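Trainee: Found this in Swiss-Prot, in case it helps:
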- GLY79, 82-83, THR87, 89-92, 107-115, SER119: 5-phospho-alpha-D-ribose 1-diphosphate binding site (BINDING)
- GLY79, ASN110: anthranilate 1 binding site (BINDING)
- SER91, GLU225: Mg(2+) 1 binding site (BINDING)
- ARG165: anthranilate 2 binding site (BINDING)
- ASP224, GLU225: Mg(2+) 2 binding site (BINDING)
Amino acid sequence: MNNYLRKLVEGQHLTEEEMYKAGLLLLNENILESEIAAFLVLLKAKGETAEEIYGLVRALREKALPFSNHIQGAMDNCGTGGDGAQTFNISTTSAFVLAGADVKVAKHGNRAVSSKTGSADLLEELGVNISSTPNEIDYLLEHVGIAFLFAPVMHPALKRIMKIRKELNVPTIFNLIGPLTNPVNLETQFVGIYKRDMLLPVAQVLQKLGRKQALVVNGSGFLDEASLQGENHVVILKDNEIVETSIEPKKYGFSIVKNEEIRGGNSKENAKITLGVLSGEKSVYRDTVLFNAGLALFANGKAKTIEEGITLAAHSIDSGKALAKLNLLIAASNEKLERVN
């Protein structure tokens, strides 16, 4: 590890292979916590490259719990977090809207690191069993259409690193790679990131991971979600080609909503917001979810255009299908799934 730390101190980039090997060392129980913290801080200070991100993703996916089944059409809409905006759980709420539109959602997530309420905190508050095993997740994806993949369960080797990340309380490369380390072989993905200069590198990593289609967004105000505040910077991966563009919400009929207007709170407060959206209440929260879910449906290919995606998202909510998916997941995730273990 010392060789890699020296390179980072000197501001040098690591190659993909060096980062892969460094990643395996980070997961080794014999490494010192001070070495892990130093590596994460130095890497953040230098700035991460696509090669470094992919190298670490390789290491983490190699050490993750294995999945035996390929779920056709599975997607994730997990964001990086780390934007400091303290918004409500936009992507987690949107995940049920996607599921209600007949998209299989393998939602990768964790407890809060730099926010008040992470996806795991919200789902636990809503009554979802967040600790499903790979076999149970396969079952949930096949029969419910949505499953939650709790990062500490999927990546047991990350336990020490999670503790250090919490103590550091600053975004690290693990914020960036969280959405990229989903152990399910996804076909499509919608990723919100907090660092605008990482849009292209993250899209390049998704391409290397074999995604058929993907959309990476950095929202107005550097939100790690699509924002109704103004211009959103986007990179689209389709047919193995990467295109950079921008998206204005007003083009799709949305009123301007400042990011401060969609702040969330603790898990109870955010659960109330999520249930309100899924129950069809009209609000700035609903509009934000419609925009993000619409983009995700476009990224998935379920919708041919963003406009169609927004229409499908609204139907998912207003038909009751999105809320039904939440209730199904609560029930099924808490069953004793002995038949699949």
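Glycine is treated like the rest: Cβ placed from N, Cα and C.
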Trainee: For the binding-site residues ASP224, GLU225, which one has its C-beta crowded by the most other C-beta atoms within 10 angstroms?
Mentor: GLU225
Trainee: Across all the protein chains here, work out how many other Cβ atoms are within 10 Å of the Cβ of ARG165 (anthranilate 2 binding site).
Mentor: 21
Trainee: In terms of Cα spacing, which of the binding-site residues GLY79, HIS108, ARG165 are within 10 angstroms of ASP224 (Mg(2+) 2 binding site)?
Mentor: GLY79
Trainee: Restricting to the same chain and to sequence separations of six or more, state which residues have a Cβ under 8 Å from that of SER91 (5-phospho-alpha-D-ribose 1-diphosphate binding site).
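Mentor: Expected: ASN77, CYS78, GLY79, LYS107, SER119, GLY192, GLU225, ASN292.
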Trainee: What does the structure give for the C-alpha distance between ARG111 (5-phospho-alpha-D-ribose 1-diphosphate binding site) and ARG165 (anthranilate 2 binding site)? Integer Å is fine.
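Mentor: Each residue's Cα considered, ARG111 (5-phospho-alpha-D-ribose 1-diphosphate binding site) and ARG165 (anthranilate 2 binding site) end up 12 Å apart.
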Trainee: Let me know the most crowded of the binding-site residues, choosing from THR87, ASN110 and counting other Cβ atoms within 10 Å.
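Mentor: Of the binding-site residues THR87, ASN110, the most buried by Cβ count within 10 Å is THR87.
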Trainee: Which one of the binding-site residues (HIS108, ARG111) has its C-beta surrounded by the most other C-beta atoms within 10 angstroms?
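Mentor: That would be HIS108, with the most Cβ atoms nearby.
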Trainee: Roughly how many Å separate the Cα of HIS108 (5-phospho-alpha-D-ribose 1-diphosphate binding site) from that of the residue listed as 'anthranilate 2 binding site', to the nearest whole number?
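Mentor: Here the two Cα atoms are 18 Å apart.
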